[in-house]
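Participant: My structure is below; once you've seen it, I'll send some questions.
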Amino acid sequence: MAAAIRYSRRNLGLTGTNPSVGTLIVREEKDGPRIVGRGVTHVGGRPHAEPQALDEAGELARGATAYVTLEPCAHHGRTPPCAETLISSGIKRVVGAASDPDPRVSGRGYAMLREAGIEVVENVLAEEAADQLRGYLNRAAKKRPEVILKLALSADGKIGIEGEGQVPITGAIARRQVHRLRAESDAILIGIGTALADDPELTCRLEGLEARSPTRIVLDRNMRLPLDSRLVKSARQTALLLTSAADCEMARQPFADLGVGFIAVDVEGREIAIPELLEDLAERGISTLIVEGGAFTAEAFLAEHVVDRLALYVGPGQIGARGIPAPVTPQDVPHGMVLKREARYGPDRYFEYVREG
Ligand code: AOF
Ligand code: ZN
């Protein structure tokens, strides 16, 4: 199952509203277990993992065990239910990790298998699988994406210097981890202040993974983003959405001509309408959202209590008194968040916190 979960990561961020699920078909042979088929939910969400793994296994599936990171589906989509496909393949045993909250499936997938006489084991490494499926599970449970607040801070807890644009804080290894996180996420969001100060691109620039760049979102209700910013200039390659106030319709045209999309969120006097925005993103099929700052935007998401995960990269240098204080530091994480992972990336340290329970 651990191998199936690892395999399921392959299409994270590429399967739309569908979770990236992994399936391994395993035969017990004299000299030990042998993997005869692998599948991961295809880019775009279909085909599902199971039929692909079974295809590869062919006749070898007969009598074998299928390891699935999510309960096999029980509904008819463009293809028959995966539970049915497993049954007709002659699989003898199905080992499942997470259960599927989708009301069309929830419990029915496993029930169909059992009714057909297949041995079913549930909840194997369920927590690890749920961690991998957290965007999907979050969206199903809360009707909003999983929100990951990612910040790079100096050793003295600063995220930059007012008016200085991008200040280097972390090194090359940490930066690659950030790009990998981008590749695995559906969308990334920043405030207009950061967009103006840094002129970032927010794409994934790991070699070979460029096409996995997330949809970029800028909170820009007064449409201040320059038309010649890197974000706008790359809008035809990687989706860019601006959240604009409803009365900005006229101002939208030049952006629209360059391929920029819009989320009209009614802010009603508030600076950012976060709950409405998250709901809109979930409806668009976005399951994981990285929030990358700046301080004002990060604080707004923290105040709304919608941050599910904190990814803090701490560099070794000091910025000093001129620095912008980080809205959250490893010494001061929001109540109810617990350390999940800690790592060292060259000279930098990484701390990941998740919401408890
Ligand atoms: C599986 N294997 O690999 C995945 C599953 O829109 P559809 O018809 O593709 O169905 C989407 C639902 O299928 C999704 O909400 C989830 O319940 C399930 N995803 N199921 O058996 C897979 N990705
Ligand atoms: Zn399926």
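Positions of Cβ are set from backbone N, Cα and C atoms, glycine also.
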Participant: From CYS73, CYS204, grab the residue that TrEMBL records in the same Zn(2+) site as HIS48, CYS82.
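Facilitator: Record source TrEMBL; matching candidate: CYS73.
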Participant: Besides ARG182, LEU202, ARG205, which of GLU279, GLU283, GLU292, GLU299 does TrEMBL list for that substrate site?
Facilitator: GLU292
Participant: What other residues of this chain sit with their CB within 8 A of the center of the CB atoms of ARG182, LEU202, ARG205, GLU292, the recorded substrate site?
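Facilitator: Sorted by sequence, the hits are VAL178, HIS179, ILE188, PRO200, GLU201, THR203, CYS204, SER213, PRO214, ARG216, ILE290.
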Participant: Please report the Cα separation of LEU202 (substrate binding site) and CYS73 (Zn(2+) binding site) in Å, rounded to an integer.
Facilitator: 35
Participant: Could you tell me the mean pLDDT over the domain 'CMP/dCMP-type deaminase' (1-120), as a whole number?
Facilitator: 95
Participant: Mind checking how the domain 'CMP/dCMP-type deaminase' (1-120) divides into helix, strand and coil residues in DSSP?
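Facilitator: Split by secondary structure, the domain 'CMP/dCMP-type deaminase' (1-120) comes out as 39 helix, 31 strand, 50 coil.
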Participant: When the Cα-Cα distance from HIS48 (Zn(2+) binding site) is computed for each of the binding-site residues ALA152, ARG205, GLU292, ALA295, GLU299, which gives the smallest value?
Facilitator: ARG205
Participant: With the Cβ atom as the reference point and anything under 6 Å counting, tell me which of the binding-site residues (CYS73, CYS82, ALA295) are near ligand 1.
Facilitator: CYS73, CYS82
Participant: For each of the binding-site residues (HIS48, ARG182, ARG205), count the other CB atoms lying within 10 A of its CB, then report the residue with the highest count.
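Facilitator: The most densely surrounded of these binding-site residues is HIS48.
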